[in-house]
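S.K.: This is the structure, below, for whatever I ask next.
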Amino acid sequence: YEIRRINFDGTNETVFYGDDEILVGMEAGTMQIDAVGRNLFIANIRHSRIDAISLNGLYHTIVYSNHENATGIIRPIALDLDTTNGFVYWIDLGGDQIPMKIGRVRFDGKYSENIIVDNLLQPNYIVFNLDLHCVFWSDFGLQRISYHCMDSGDTKVLDVEVNHPRGFDFLTHLYSSTSSRSTNENDDVTSTHYSLFFVDKEYEGVYKKWFDYRLNPISDVIPVRTNQEDPRQVRAYPRYEAFNPNCYYGSYCEQICFQIDSNHNSMPTCDCAIGYKLNSDGRTCSPRSEQYIVYSTHALLRAFDYRSNDSAREDVMPLIPGNNMEMLTARYSNRELYWIDGNRLIRRAIWTNNRIWNITNYLQISVGSQRNFILGLTLDWIAGNLYFSYVTNSYGHLEVNRLGTDHRLILRKGTNETIYAIAVNPKRRFLYWCDRGQRVRIVRSLLNGQNVTYIVTAQIIRPESITIDFLTDDVYWSDAIRDTVEAISWDGRNRRTVSRNIPKAISLLIANNDLYIMDRAFSSIMRINKTVSNMTQRLESVLTLKTYEVGGMTLFDEQPNFESPCQTSTTQQRFCEDLCFAMPDTSIPQCACAYGTLNMDRRTCAPPNEYLLVAIEREIRSMSMEPHGSSTSAPWRAITNLRLVVGVDFDYRDRKIFYTDYLLQDIFSFDMDDPNPNARQLIQTNVTGRSQPIGIAYDWVSDRLYWTDERYGRIISARNNGSERLVIAGSSRPRGIVVHPCKGLLFWSDVGYYPSIRRSTLTGRQVTYIVTTNIRWPNGLTIDFDDDRIYWADAWFDRIERAEFDGTNRQVILTVVHPFAITVHEHYIYWTDWVLRGIYRAEKYTGANMVEMQNDLPYRPMDIHVVSDQRQKCSYSPCNISNGGCSHICKTAGDNQVECACPSGRQLKLANDRRMCVPLSSSCASVNFTCQNGQCLSRRKVCDGQSDCSDGSDEDSRFCSRYACRPTEYRCLSGGCIPYIERCDRKIDCNDGSDENNAFQPCVYPQCPEGQFTCYNFRCIDNFKRCNGYDDCNDGNATDEIGCPSRICNGTNSMKCPNNNICIQKTYLCGM
């Protein structure tokens, strides 16, 4: 539930107020705006009161909440305002000693009275007319609208036909005496008329009726808008109200401004928000208390002064709204409150210098799985560490957050523990919790979660809450089955029962000498003197709540300031760069890293040399190479708030991450040291919508990216900044891709009609199908660089396989649940599983010793890689791969480049991009290719799979392995290059016809105009040329002569071809 605000023109819609505690049960008419005092009044039916909220949204006060007598309030369902005199009029359905009525009370909560208590059946809406000084109300039980005028005291039924009236309102109209609307002959100047607008549920519409100044009808009911499903409210604008600059400009009252009796008093009345009191100046406010106990209801944080003996227990702080608010903790020095909101969210409220709560979402555990919820929350205010526990997918977690940062570290994780409630003792430097896992117990550990000691293991069934007495260091806990509150010394000695018959104590705290107990069964907060050992001591009820309102409590007061090397309040430099944990009996703390690992100094952090890089749909994460629990630090901060990441790869040297986004259809890069979504760089944009990048691979030798375009069946290459983009190969539905720069090889998988794994050179030449049988969905693809093997994960057969680079020696490594991506490093294979939402590892040769690396991922895991300083290296010479593309001599140059040379003394020179030796006497133009025998050849015939040079040098395998088309050329599927302008020109230029008929890159031809015929090659010819006996299409099939009536060739020297209508001269028979 929330109240929204919007401009009259429909723009700038925002949430004004979102407090479920107030808004539950609200209907049309339960709120009205006080335009004079700049407040929003609300009929709070849930708490039987009238509230007001300043229109700036900062201050909330209770106007009226008396339930003690007949003029009180119990079930307010609608209200309206007399902003001239400062009164609230409301409809009350009544209950207890309060009758069903129309009541009113002044804005300051004084002078309440009952206006109407008779002749009410089902009143549902109320309007106060400022001009008439009358209050109107609708009653759908009586099917009428009635009114009561405050000046005359008359109560009447308005003459209007209604069936199921709901909302209504009036507009005031002033007319001259000569106007056709005027009905009052005695008026010298003007006459006042009123138009009533109302909605009727039965008639499903908005209607209008006119009345004169005496409320006599002067028209029939006029439909304004009909066929409106379930209409609820109508408001007329403008409402002419008084104007008070003191309230309007907010200069007089510090918080809430009320204008009361504006006819006789121009000065407003000030009020204060909940938790404040009005100062003696009558204008400013101050907090009712600076120290208190904060407790949570279902949807509010409230507080009372625990030092006061006032039985009313007034709210002493502004209310904080939320949802399912539980398990509170505080850091008083920074005026901060933390609590669990909605099971999986930790929220924070900071008391600002403006004396309001600044409420934010602070931290959230994974939202992808529905099986996770926070169970415990506590705060070490000395070190500034927030501890919380939760369960997700059957794994219990204990995690810590360094306050003010997003640095989080999992301290404990496993299936044996369920850490239900937590407490910290910064003085003794221990952490305590209730374990409700396989063995129920009270546990103590160091502040970093290590060195566990079980201090209570017997006579404990269901521990519910835990707290520390910082005067004695004793540990208190409650047991919901034993119905007890018990205590024990900090070291596990001297166990004792403090109180019995406490069935559901969900929260404990100690203030001074009192133990406060919040019990869900009793729906109350109680206290007992902890220094009295007499078991007959009675519990004192402090505050009675509703059952659903019991959520938790914490003390908001000065906290002890213990000595600690991790102290955050000092100005000296932190001992630890990241997380700091004070250790017992030593001044040297234990440091830890939320991201990275500790350096040799055991104080600072640095990224590890090896880790896993995983794409998880909306995130890119780094993870430890060790299984669950071995290392909980992430190498670097996760990249979040992405759309749908599928493929990912990395540049280790420049610390960059590249990824494909399936929904955005783009390719992006990140710096590992700045994983901010706003800092990402666009590598390839999809302006025309002609691309769908899926898999991606990075060539660290040539600094190029390769990716698969599943939509148009292409393998594309570009520089790592997106420039020099080339389509290097076609494929049906390419998916995974991996590059072996050291050997100049490119592999990709195809999940189309003929699934396969293919191999080519880095320029897309010499395409070879290496796996074509017993393969269906080879999504994942990777290379074992140590053993020169190709590995793939088939999501149809749910298995992982490997083979030689030529597809031989194929082996099934293991069968898994539903793999997507795979990588190999040293002795292990790692893969992601969609069904299990996890990451797994096994031995790469046998598939043995499979272990779970991670299983509670929030989304489906996609691509996976091992980032290692040993991965992207090549101990080779580029000349070792196809002789560097040189015909004779290959020499290495800088940046892994090559230089070709010719043997001396043989009258040779370099040609063809300076990579082939040709006769010194050859003189082919630079736009042509020079054969090794000196013959000149068009470039379009080079490396096209057909020898055109008499010596076959145009198809030399070494030269063709590096041969690439120029940026202005199109590459035929056969390998040849033609000018790009000749593609899709209705004329076949490639020897395989792929420039005009390419299933991977289909041509889009304009439609032939009327009067012309479309040939098979999409050429347009005039209709009169069809069926004329000649192949005018020139497409090799004479498609313009197909389907024609049988033709008789003229003359004795011509004859008709048997398969078409073409006539040829008989002299062509048996001709060469």
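Positions of Cβ are set from backbone N, Cα and C atoms, glycine also.
Annotations for this protein, taken from TrEMBL, read as follows:
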type	residues	note
DISULFID	Cys924-Cys936	disulfide bond
DISULFID	Cys931-Cys949	disulfide bond
DISULFID	Cys965-Cys977	disulfide bond
DISULFID	Cys972-Cys990	disulfide bond
DISULFID	Cys1008-Cys1020	disulfide bond
DISULFID	Cys1015-Cys1033	disulfide bond
DOMAIN	246-286	domain 'EGF-like'
DOMAIN	565-606	domain 'EGF-like'
DOMAIN	878-918	domain 'EGF-like'
REPEAT	429-472	repeat 'LDL-receptor class B'
REPEAT	744-787	repeat 'LDL-receptor class B'
REPEAT	788-815	repeat 'LDL-receptor class B'
S.K.: Against which stretches of its own chain does the domain 'EGF-like' (878-918) lie, if we need a Cβ under 8 Å and a gap of at least six residues from its ends?
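M.R.: Here the qualifying positions are 701-702, 742-744, 761, 924, 929-932, 934, 953, 956-959, 961-963.
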S.K.: Within the repeat 'LDL-receptor class B' (788-815) only, compute the mean pLDDT.
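M.R.: It averages 96.
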S.K.: Using Cβ-Cβ distances, find the residues under 8 Å from Cys977 (disulfide bond) that belong to the same chain and are at least 6 apart in sequence, listing them in sequence order.
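M.R.: Listed in sequence order: Arg939, Arg940, Val942, Cys943, Cys965, Arg966, Glu969, Tyr970, Arg971.
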S.K.: Give the residue from the disulfide-bonded residues Cys936, Cys949, Cys965, Cys1008 that has the most other Cβ atoms within 10 Å of its Cβ, counting over every protein chain displayed.
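M.R.: When each Cβ's neighbours within 10 Å are tallied, Cys965 tops the list.
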S.K.: Could you tell me the C-alpha distance between Cys1008 (disulfide bond) and Cys1015 (disulfide bond) in angstrom, no decimals?
M.R.: 10
S.K.: Of all the disulfide-bonded residues given, namely Cys1015, Cys1020, Cys1033, which is spatially nearest to Cys931 (disulfide bond) at the Cα level?
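M.R.: Closest recorded candidate to Cys931 (disulfide bond) by Cα: Cys1033.
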S.K.: Given Cys949 (disulfide bond) and Cys924 (disulfide bond), what distance in Å do their CA atoms have, once rounded to a whole number?
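M.R.: Each residue's Cα considered, Cys949 (disulfide bond) and Cys924 (disulfide bond) end up 13 Å apart.
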S.K.: Tell me the coarse DSSP state (helix, strand, coil) of Cys977 (disulfide bond).
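M.R.: Note: Cys977 (disulfide bond) is in a strand by DSSP.
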S.K.: Hey, what's the Cβ neighbour count for Cys931 (disulfide bond) at 10 Å?
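M.R.: The answer is 26 other Cβ atoms.
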S.K.: Where Cys972 (disulfide bond) and Cys924 (disulfide bond) are concerned, what is their Cα separation in Å, rounded?
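M.R.: Cys972 (disulfide bond) and Cys924 (disulfide bond) have their Cα atoms 23 Å apart.
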S.K.: Tell me the residue counts in helix, strand and coil for the repeat 'LDL-receptor class B' (744-787), as DSSP assigns them.
M.R.: 0 helix, 23 strand, 21 coil
S.K.: Compile a sequence-ordered list of residues in the same chain as Cys1015 (disulfide bond), six or more apart from it, whose Cβ lies below 8 A from its Cβ; state 'none' when nothing qualifies.
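M.R.: The answer is Arg986, Ile1021, Cys1033, Asp1035, Thr1039, Asp1040.
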S.K.: I'd like the per-state residue tally for the repeat 'LDL-receptor class B' (788-815) from DSSP, helix first, then strand, then coil.
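M.R.: Its residues fall into 0 helix, 17 strand, 11 coil.
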S.K.: So which residues does the domain 'EGF-like' (246-286) touch in its own chain, when a touch means Cβ under 8 Å and the partner is 6 or more beyond its ends?
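M.R.: Residues packing against the domain 'EGF-like' (246-286) from afar: 34, 36-39, 52, 54, 56, 58-62, 83-86, 106-108, 303, 315-319, 355.
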S.K.: For Cys924, Cys972, Cys1033, listed as disulfide-bonded residues, tell me which one has the smallest number of other Cβ atoms within 10 Å.
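M.R.: With the disulfide-bonded residues Cys924, Cys972, Cys1033, fewest surrounding Cβ atoms within 10 Å: Cys924.
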S.K.: Under 8 Å between C-beta atoms and at least six residues away from its ends: which parts of the chain pack against the domain 'EGF-like' (565-606)?
M.R.: 333, 382-385, 400, 402-403, 405, 407-409, 426, 428-430, 446-448, 631, 633-637
S.K.: Among the disulfide-bonded residues listed here, Cys990, Cys1020, which has the most company in the form of other Cβ atoms within 10 Å of its Cβ?
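M.R.: That would be Cys990, with the highest Cβ count within 10 Å.
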S.K.: Using DSSP, how many residues in the domain 'EGF-like' (246-286) fall into helix, strand and coil?
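M.R.: Per-class counts: 3 helix, 11 strand, 27 coil.
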